[in-house]
Amino acid sequence: MAGTGLLALRTLPGPSWVRGSGPSVLSRLQDAAVVRPGFLSTAEEETLSRELEPELRRRRYEYDHWDAAIHGFRETEKSRWSEASRAILQRVQAAAFGPGQTLLSSVHVLDLEARGYIKPHVDSIKFCGATIAGLSLLSPSVMRLVHTQEPGEWLELLLEPGSLYILRGSARYDFSHEILRDEESFFGERRIPRGRRISVICRSLPEGMGPGESGQPPPAC
């Protein structure tokens, strides 16, 4: 599927960051699975990386996630940020979340080693609400979404360093999503070599949960 390159459907002029199995899935997920390349400047990427590195370095990479969805990762929940990083996260909130959406107070930070990957999964509604938005740092990767009932319906997102991806509604609950391992990391016929990848993920509040509450974080991408 990912390596054939038989179908590369563009939603933006110039290089494509989204491709899918056909026009219907692209139309269906046009506003539900969004990539904004170049959302971060190089300086902003470095700001986030510098702030996260000391905390991540204290943790070991793990190979058995609590629900077996992630391989080769370390993660943390972070609620205290520098002023510069808070300004970046406020931009994410403005770009991805509606005025009526409340965000979880903690931001999920997921660090995948170069050989790490995220297996296909559907997020649990217990842990976050209808929208997640993730910043990608360090390495490009390919996120694949596959319809849970119609596996022939799929979408792939090219997530370059500095990009922002947004998953809403149907893209999260009707489609599984994954981050491809290095040996499978193609976007059409284009090889996307994987390295270490950090994602900084903001999440809307689950329905019925108060802003100060939290639970086991989801295996978010």
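Backbone N, Cα and C atoms are what each Cβ position is placed from, and that goes for glycine too.
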2-oxoglutarate binding, same site as Arg197, Ile198, Ser199, Arg203 - Swiss-Prot member from Tyr165, Tyr173: Tyr165
Arg197 (2-oxoglutarate binding site) to His121 (Fe cation binding site): how many Å between their Cα atoms? 19
If I take the alpha carbons of Arg203 (2-oxoglutarate binding site) and His121 (Fe cation binding site), what is the distance between them in whole Å? 17
What kind of secondary structure is Asp123 (Fe cation binding site) part of, going by DSSP in three states? coil
